[in-house]
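Accompanying notes for the structure given below.
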């Protein structure tokens, strides 16, 4: 499988320029930043749960939504087929197309952390966990983008996922009472929160391995499904 | 001569509808091959199979002696240029930015952009956003993108369908120049004039089957009724068989300086198609 940085950069540059002219998709980054402002109002320390409501919303709305919308638009406008018929490989196309969403995610989350005043005890570990989680959200966005036919359809299809992964933590108090909600503990957003809580009480890399492994399983499932659907989409 | 495309007993069925049935043909290196037929005849389906966008139900299809299902490798993609009805452009970007992306994907120097824009008569429009282009201009940008990496084999699905006569002629000239340099062209069209102008050989496709395949000149001769049309100065138009039985009469008109024009009455490819299939080319 070929891996050309030039091709990846070409797709990235194109997406960056294209997205800078797309107000509909670009404006979504306002959502988590606005939420961060709301949570930062008032005295006292912001609890971890609220920091991660903002971070998970950034991951599901910025990472997953933007990725989903740009892929769906490529399908809607018949431009994805042009990329597929070019010498660019699946890895080059998907990497190139993920970079813009990833960079916007980094900028949004960094801004949100500054606004809410989130200063984790072990920043590198938190960054690692957020990065691994963002890979899952990229895969989710790509998958849903490939499964839908237009930006409008993609915007609707991704909504339940934004609620589940962005606001899922709000359902945590009910998990004890409603058994079937227990699966939510294994979602990447919940694992991210667990890592954050652990880090604050001095957990090291080995202590969060299990949580990271669970997120990695989600990444793996997301990537496999994405590759499968992409391969199917190469054919009419 | 080396075969660039080889198709054997190709069939494609969509549900209970047969799009292609037992299609056989070969295209030689350096040839311009016309695949002609009305809408729904199976032309686009054939191109999609040949470019690896669609899997055939049965039969074999090879491009550069490689099964089309294995054409996905980058080195093969660089040898092929494809323009189909589902080719799209990035609307918010300029013509130049669209072509720049594909220059980088095909690893072609960016100086090539000016050359292809000149080929499609769009040099002065390169900074225009694609969203502001007319249908004809869009088609020309897509053609420029297809020409960008100077492919060995071009698949063109109705390349001039949205173009005015002036731009069609310019595209035809560009295609002829590319063909002279060695590019093999596989062209689908229902424009018989385009086929006669460009193609070394044509195949008539109707309801998924090839009905006839040969050089346009030979087909016209084969379906000709061997008559000549003689236009006389007194306004009469005579139709005579071209055999010796009318030689004396034609000679006499010539001696009397009565002839304005004399030409063979060969059918067009369109006439032959209608004759064979009973269908109009629309």
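Backbone N, Cα and C atoms are what each Cβ position is placed from, and that goes for glycine too.
As recorded in TrEMBL:
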TRANSMEM  A:21-42  transmembrane segment
TRANSMEM  A:48-72  transmembrane segment
DOMAIN    A:52-228  domain 'ABC-2 type transporter transmembrane'
TRANSMEM  A:93-118  transmembrane segment
TRANSMEM  A:124-147  transmembrane segment
TRANSMEM  A:154-175  transmembrane segment
TRANSMEM  A:212-230  transmembrane segment
Message = I'd like to know if the transmembrane segment (A:21-42) touches the transmembrane segment (A:124-147) in this structure, counting it as a touch only when three or more C-beta pairs sit under 8 Å and are separated by 6 or more positions.
response = no
Task = Establish whether the number of Cβ pairs under 8 Å between the transmembrane segment (A:93-118) and the transmembrane segment (A:48-72) reaches at least three, counting only pairs separated by 6 or more residues.
result = yes
Request  = Go through the chain and flag residues at least 6 beyond the ends of the transmembrane segment (A:212-230) whose CB is under 8 A from any CB in it; none is fine as an answer.
outcome  = 90, 94, 128-129, 132-133, 135-136, 139-140, 142-143, 146-147, 186-188, 191-192, 195
